[in-house]
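Inspection log for the structure reproduced underneath, given as structure tokens.
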Amino acid sequence: MAATSGILFLGVALLLVASASAQLNETFYAKSCPGGVQAVANAVIAGVKADRRNAAGLLRLHFHDCFVRGCDASVLLKTVPGGPKAERDAAPNLSLQGFSIIDTAKAALEKQCPGVFSCSDILALAAANAVSFIGGPKWKVPLGRRDGSVSLASEAVSKLPGDGFTYQQLISNFAPVGLNENDMVALSGAHTIGLTHCGILTPRLYTSPPDPTLNSTFVTAQKAACPQTQTSKPLDLDFNSGKTFDVTYYKNILSHSAVLRSDSALISTSSGRSKVTTLAKNPKIFFSAFASAMEKMGRANVLTGTKGKIRTLCSKA
């Protein structure tokens, strides 16, 4: 009986999630804030023109938001004095960037249609606009999300994927967001424009011997790029074409030249290797899979209808 009750509860929960997701649509602001979607695009394009790295920053912001409490813009909230640390102050989020672009877009929207356009919708649109602008895949962004009011650093630490995750841990980590194994491998491709710091890689380079999952040519080249004492030096996750959204990232993994241990883990199983090989050989399949997964992620545990709120300032609940 207990098992049956659990199954029924899960079924109801899934129906509620599906119901909230179904309330999203691309024309949500057509009457309430015409021109609002374009206002977001204008702010994003200006930001990415100023610094192409902002494309990766905005994509990562959306990802880190949706993995904690769903796509509710909780990652944008600042820590309140005397309160618990917010998500943006959690260790995995200290290198997040793009906040100022979101704030610029929100300020423009508040002048145009006060109290109407949610911060969570801005985040979703910003990621899509940024990736498309630099030549990456395009995907539909249904709108109508509302903003959350709770942001906890402890949840970001527990729910975001880590560099040391195994292949199975990555699959398990993506599942609560409604993403399957194929989605996980495709979304890992966001690292094609990602940036980290040498401190992530140096432990793999300067052990004796170096990490055996890395090829010797890569180790030699990265030791030159990342001296052991320069752990804060910036480092492309896709060292061959870090500013271009392409399949080089997957080719690097297959040649045992992945910066992150979790990226190397993608070929630690036969299933993962097969998926990585397919994407490495087929840019169109990669773009299609990435776009599909982003659409799914953008619907994760959203607040709609009367749930949540519309923040007038994205950093304040």
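Heads up, the Cβ atoms here are built off N, Cα and C, so glycines get one too.
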Recorded disulfide partner - Cys314, candidates Cys113, Cys119, Cys198, source TrEMBL:
Cys119
Choosing among Cys33, Cys66, Cys198, which residue does TrEMBL name as bonded to Cys113 by a disulfide?
Cys33
Cys66, Cys113, Cys226: which of these disulfide-bonded residues has the highest Cβ count within 10 Å of its own Cβ?
Cys66
Cα-proximity to His191 (heme b binding site), 10 Å cut-off, over recorded positions Asp72, Asp238, Cys314
Asp238
Pairwise CA distance, Cys198 (disulfide bond) versus Thr192 (Ca(2+) 2 binding site), rounded so that it is a whole Å:
17
Whole-number Å value for how far Thr192 (Ca(2+) 2 binding site) lies from Cys71 (disulfide bond) (Cα to Cα)
23
Across all the protein chains here, work out how many other Cβ atoms are within 10 Å of the Cβ of Thr192 (Ca(2+) 2 binding site).
25
What does the structure give for the C-alpha distance between Cys119 (disulfide bond) and Pro161 (substrate binding site)? Integer Å is fine.
23
Spatially speaking, which of the recorded positions Cys33, His64, Cys66, Pro161, Thr192 is closest to Asp72 (Ca(2+) 1 binding site)? Use C-alpha to C-alpha, please.
Cys66
